[in-house]
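Undergrad: Structure incoming, see below.
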There are 2 protein chains.
Amino acid sequence: MTQPATDHTARLMDGAALARRIVDEAAATAAGITSRTGAAPCLATVLVGDDPASVTYVRMKRNRCARAGIESRHVALPAGVTTAELVDTVTGLSEDPSVHGILLQHPMGRHIDERAAFEAIAPGKDVDGVTTHAFAAMAFGLPGFVSCTPGGIMRLLDAHDVDLAGKHAVVVGRSAILGKPAGMLLLGRDATVTYCHSRTRDLAAHVREADVLVAAVGRPRFIGGDAIKPGAVVIDAGYNEGNVGDVDFDTARRRASLITPVPGGVGPMTIAVLLSQTVRAAAHQESLRR
Amino acid sequence: MTQPATDHTARLMDGAALARRIVDEAAATAAGITSRTGAAPCLATVLVGDDPASVTYVRMKRNRCARAGIESRHVALPAGVTTAELVDTVTGLSEDPSVHGILLQHPMGRHIDERAAFEAIAPGKDVDGVTTHAFAAMAFGLPGFVSCTPGGIMRLLDAHDVDLAGKHAVVVGRSAILGKPAGMLLLGRDATVTYCHSRTRDLAAHVREADVLVAAVGRPRFIGGDAIKPGAVVIDAGYNEGNVGDVDFDTARRRASLITPVPGGVGPMTIAVLLSQTVRAAAHQESLRR
């Protein structure tokens, strides 16, 4: 039952603007820490190998750190590093008091036990929210850092005063750092939450029920806009080749009440949350030393 | 749209019988460990205060241990114990090589930080599956112990050859040891999973969509049988006053294809999984010492 297109157009959720505000706040806090302690908050970035996309992502994150007054310490490891060596490196950073946050870029290569490497990050420095500790904290509403993209999604929803209690949130995708934690955060805010994924039958029927839709599959225009419930809030966490999201934006925006553009929606929020959490980690570690 | 009652009656999922088989297996493994090592697998049970229900639960679990050739070491703490003292006790048991599994009965009292107490259980001894480590392992499909009731539910489903891939599983309830992990285990088996709870609007509409329904709210006959989808598999993890489950059994059994009775469905499975995991923990710890 496709409804005819109307003149209605969803309001855009401007992640770029919100991300700028969050980064500005982080920069102000970082400046305070630097002036009080004589050392800037420090994010260690660990990169295994030289995958071009990963190299670009890490460089982008380091540039953003620099602009916000956050030091970044880069550790480049050869593609052939073993899991044990990688775990040793990460453990060293976890124990180094001059490092406040750790970003372990992935994928790390198929020969690496990525879970073991992530778990070597001390929970207090897990500013990317990749450890099992962070996941359980998100699921149980405990203090801790959140995974950056789900955390960014929640901040976008809050900035637009989206009331989640009792709403039906449908998360399409179930990755460990995006779909699963996003669903747990939404559940913690009293949404009814449905997880859909590649094995889901009749995805469109589930999408049709969503008051809040989170698309996190990484397949271009995988979710047709005609399936969007009129008035729904659409969060597109996909970012595919050709700057295209997981949702067919042009159709979806005629039905949704709020929608994230791609690019400029969820994307900028991810780095903003990373920087914000790095500064928070530094402030917390500073407070423990006083 | 209530369908008229028919002569159809769902097949019962006999948890008592399956639990007996699991306990028999555990007992055989326990006997092997005892004869090889000279010491029986040992479950430490920790009880804070003297809440009558908790006293009964712990006694029941210890009796079942004894019948399966599993030693249980009981630690009774006064109701006024502090979190720090409780954490110390649990940490001691985590480090004691003669203890293979730890059961920390809850609730522990409102003045106790239960999460801190649970986290003092070493992951390798968390045979009740209550730590954040266990939860994340269930969510990410990593090796580890499962929460006993969700683990029992999965074994019941498997014993009845319920194919979960692509099915819509609706979990009503979102507690840390039942609803949330049950949903994660079902998601790990490729079900589409919906979490409903006290804030869910129009629960019946969600129940109507469930190919597999897991009721875990702890409210007697909270879920009316008329909302059950014809042919659904109904798992009732509720156990309320008067031996009544969360689902209206008499109505539900006329619509479901498979249903757990209360009592005799999920209940016996919980202890069976606890014993089974205790023996597995002992076997694993034995293997590490060889």
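Including glycine, each Cβ sits where the backbone N, Cα and C put it.
Because TrEMBL annotations are produced automatically, they should be read as predictions rather than curated entries.
Among the features that TrEMBL reports, NADP(+) binding site is placed at A:GLY173, A:ARG174, A:SER175. Feature annotation from TrEMBL assigns domain 'Tetrahydrofolate dehydrogenase/cyclohydrolase catalytic' to A:13-128. According to TrEMBL, the domain 'Tetrahydrofolate dehydrogenase/cyclohydrolase NAD(P)-binding' annotation covers A:147-285.
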Undergrad: For the binding-site residues listed here (A:GLY173, A:ARG174, A:SER175), which one has the lowest count of neighbouring CB atoms within 10 Å of its own CB?
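TA: Lowest Cβ count within 10 Å among the binding-site residues (A:GLY173, A:ARG174, A:SER175) is A:SER175.
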Undergrad: For the binding-site residues A:GLY173, A:ARG174, A:SER175, return the ones with C-beta distance to chain B below 8 angstroms, or 'none'.
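TA: Of A:GLY173, A:ARG174, A:SER175, the entries that lie near chain B are A:ARG174.
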Undergrad: On the DSSP side of things, how many residues of the domain 'Tetrahydrofolate dehydrogenase/cyclohydrolase catalytic' (A:13-128) fall into helix, strand and coil, could you say?
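TA: So the domain 'Tetrahydrofolate dehydrogenase/cyclohydrolase catalytic' (A:13-128) is made up of 61 helix, 18 strand, 37 coil.
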Undergrad: From the centroid of the CB atoms of A:GLY173, A:ARG174, A:SER175, the recorded NADP(+) site, which same-chain residues not already listed sit within 8 A by their CB, in sequence order?
TA: A:VAL171, A:VAL172, A:ALA176, A:LEU178, A:GLY179, A:LYS180, A:TYR195, A:HIS197, A:ALA216, A:VAL217
Undergrad: For a three-state summary based on DSSP, what are the helix, strand and coil counts in the domain 'Tetrahydrofolate dehydrogenase/cyclohydrolase NAD(P)-binding' (A:147-285)?
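TA: Residue counts in helix, strand and coil order: 55 helix, 24 strand, 60 coil.
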